[in-house]
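To start, the structure under review is shown below, and the notes come after it.
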Amino acid sequence: MAAPRNIVVDTSRLVTRDEEVKKSMDMSCPAELDSPTAKRFKEGRFPLSSWEFAAAFGVILVFSTGLFCLYLSMPAAEYGKLKLPRTISDLRILKDNLGMYAEVYPTKFILGYCSTYIFMQTFMIPGTIFMSLLAGALFGVFRGLLLVVFNATAGASSCYFLSKLIGRPIVNWMWPEKLRFFQAEIAKRRDKLLNYMLFLRITPTLPNLFINLASPIVDIPFHIFFLATVIGLIPAAYITVKAGLTLGELKSVKDLYDLKTLSVLFLIGALIILPTILKRKRIYE
């Protein structure tokens with residue numbers, strides 16, 4: 001009878017998947033954990049240093065001055081009625097006041113509209129959805145869609161480069177856990193990064209604001225970011241612009257994205273990432 005064999009198991013190699021993910025997330029951003037931003041955050045201080053705040057203030061000042069000069073160069077109008085809408089009622093009033101102005105001065109109106117939209121998108125000012133509805137109400141579906149996609153892409157690109165300059169401390173301060181999660185997901189999908197970014201743009205999985213700010217921080221190349229933004233924003237922009245045609249029937253912004261609309265967006269997103277899923281399945285097999 002053979003002697004029993006002693007089985008030795010190297011438990012040091014048995015690392016759970018959760019520990020691996022945690023380790024990879026920690027390794028992906030070690031500098032952020034010991035950075036001056038993290039230290040300022042732990043101490044409850046403002047995340048921007050003096051020069052970062054000065055740079056941000058300078059960029060905002062340049063944009064604001066240019067926008068103000070543009071409005072001064074426009075023909076005389078009732079400027080008291082020109083304000084950013086916050087409700088559907090405000091948007092209806094603004095549309096009635098700007099309808100004739102847009103017909104008489106189409107070039108100057110479009111220039112002012114684009115400047116305002118890009119400014120809001122660059123500096124994360126809420127209300128761009130109302131600007132998209134206004135484009136549909138004033139210009140129709142086709143021209144309105146072109147305007148919205150152009151402005152949203154230009155504003156998102158400006159936000160991308162602004163975040164590349166001074167965004168890291170702000171994002172680390174506001175969304176530290178979400179940034180680590182996003183960085184880990186991007187690291188796992190480098191081979192099909194465009195598909196994943198398209199999925200994020202089409203579906204409301206992550207806010208566009210966070211994507212614009214976090215993309216340069218997690219090293220998403222600008223050409224990937226740009227293509228995903230141009231293509232990925234089209235479905236949601238089409239829904240919003242088309243809703244602008246029936247502005248009088250719209251009661252709330254929440255009516256734009258009901259269960260049916262969200263299901264369609266997620267279906268489109270699922271079709272986009274399907275090649276990535278099939279490729280992984282073949283690799284595992």
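The backbone N, Cα and C atoms fix where each Cβ goes, and this holds for glycine too.
Residues or ranges marked as domain 'VTT' in TrEMBL: 125-244. Summarising model confidence by region, the domain 'VTT' (125-244) averages a pLDDT of 91.
Residues 46, 79, 108, 111-112, 115-116, 119, 122-123, 162, 165-166 of the same chain lie 6+ residues outside the transmembrane segment (53-73) yet bring a C-beta within less than 8 angstroms of a C-beta in it. Residues or ranges marked as transmembrane segment in TrEMBL: 53-73 (among others).
Feature annotation from TrEMBL assigns transmembrane segment to 117-139 (among others).
Distant neighbours of the transmembrane segment (145-163): 56, 59, 110, 113-114, 117-124, 128, 131-132, 135, 139, 170-171, 208, 212-217, 222, 225-226, 229-230, 233-234, 237-238, 240-241; these residues of the same chain sit at least 6 beyond its ends, with a Cβ under 8 Å from one of its Cβ atoms. Taken from TrEMBL, the feature transmembrane segment applies to 145-163 (among others).
For 220-241 (among others), the entry in TrEMBL reads transmembrane segment. Panel annotation: around the transmembrane segment (220-241), residues 129, 132-133, 135-136, 141, 144-145, 148-149, 152-153, 156-157, 160, 186, 193-194, 197-202, 256-257, 261, 264-265, 268 of the same chain, lying at least six beyond its termini, place a Cβ under 8 Å from a Cβ of the stretch.
TrEMBL lists 262-278 (among others) with the feature transmembrane segment.
Under DSSP, residues within the domain 'VTT' (125-244) fall into helix, strand and coil as 102 helix, 0 strand, 18 coil.
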